[in-house]
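K.L.:
According to Swiss-Prot, the protein carries these features:
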- C23-C88: disulfide bond (DISULFID)
- 1-23: region 'Framework-1' (REGION)
- 24-34: region 'Complementarity-determining-1' (REGION)
- 35-49: region 'Framework-2' (REGION)
- 44-66: region 'Disordered' (REGION)
- 50-56: region 'Complementarity-determining-2' (REGION)
- 57-88: region 'Framework-3' (REGION)
- 89-97: region 'Complementarity-determining-3' (REGION)
- 98-107: region 'Framework-4' (REGION)
Amino acid sequence: DIVMTQTPLSLSVSPGEPASISCRSSQSNLDYLNWYLQKAGQSPRLLPEQDSQRASGVPDRFSGSGSGTDFTLRIGRVEAEDAGIYYCMQRSFYPYTFGQGTRLEVRR
């Protein structure tokens, strides 16, 4: 199975600051990658794909980029509601596999 490795595993930022999460694949030819945000007590929510396409209702401060092995999710200006655990998921090859998650804390 393809291993997805996220960095960092946690980060703490103040509102208005940018944030960036990286995801690296153990296989080099990925075409499709999704990002998800899971908030406490909620199901994961789809965020931008690697080609910056956004799921409906995703704010434009979120952007995704990357190809091959290295992918990045960027948040232009973090807001309090962005706190939670972010996961990357490769959907190029079965079985689809997730990164271990990155916990984003938004300082008060």
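Placed from the backbone N, Cα and C atoms, the Cβ positions cover glycine too.
Can you tell me where each of these features sits in this structure?
P.N.:
The Cβ of C88 (disulfide bond) has 29 neighbouring Cβ atoms from other residues within 10 Å, across all protein chains displayed. According to DSSP, C88 (disulfide bond) is assigned to a strand segment.
Helix, strand and coil counts under DSSP for the region 'Framework-1' (1-23) come to 0 helix, 13 strand, 10 coil.
Sequence-distant contacts of the region 'Complementarity-determining-1' (24-34) (same chain, six or more residues past either end, CB-CB distance under 8 Å): 2-7, 46-47, 49-50, 64, 66-71, 88-93.
Model confidence over the region 'Framework-2' (35-49) stands at 89, taken as the mean pLDDT rounded to a whole number.
Listed as Cβ neighbours of the region 'Complementarity-determining-3' (89-97) (distance under 8 Å, sequence separation of 6 or more from its ends, same chain) are residues 1-4, 25, 27, 29-36.
Assigned with DSSP, the residues of the region 'Framework-4' (98-107) fall into helix, strand and coil as follows: 0 helix, 6 strand, 4 coil.
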K.L.:
I'd like the per-state residue tally for the region 'Framework-2' (35-49) from DSSP, helix first, then strand, then coil.
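P.N.:
The composition, in the requested order, is 0 helix, 9 strand, 6 coil.
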K.L.:
Compile a sequence-ordered list of residues in the same chain as C23 (disulfide bond), six or more apart from it, whose Cβ lies below 8 A from its Cβ; state 'none' when nothing qualifies.
P.N.:
M4, T5, Q6, L33, W35, G66, D70, F71, T72, L73, C88, G99
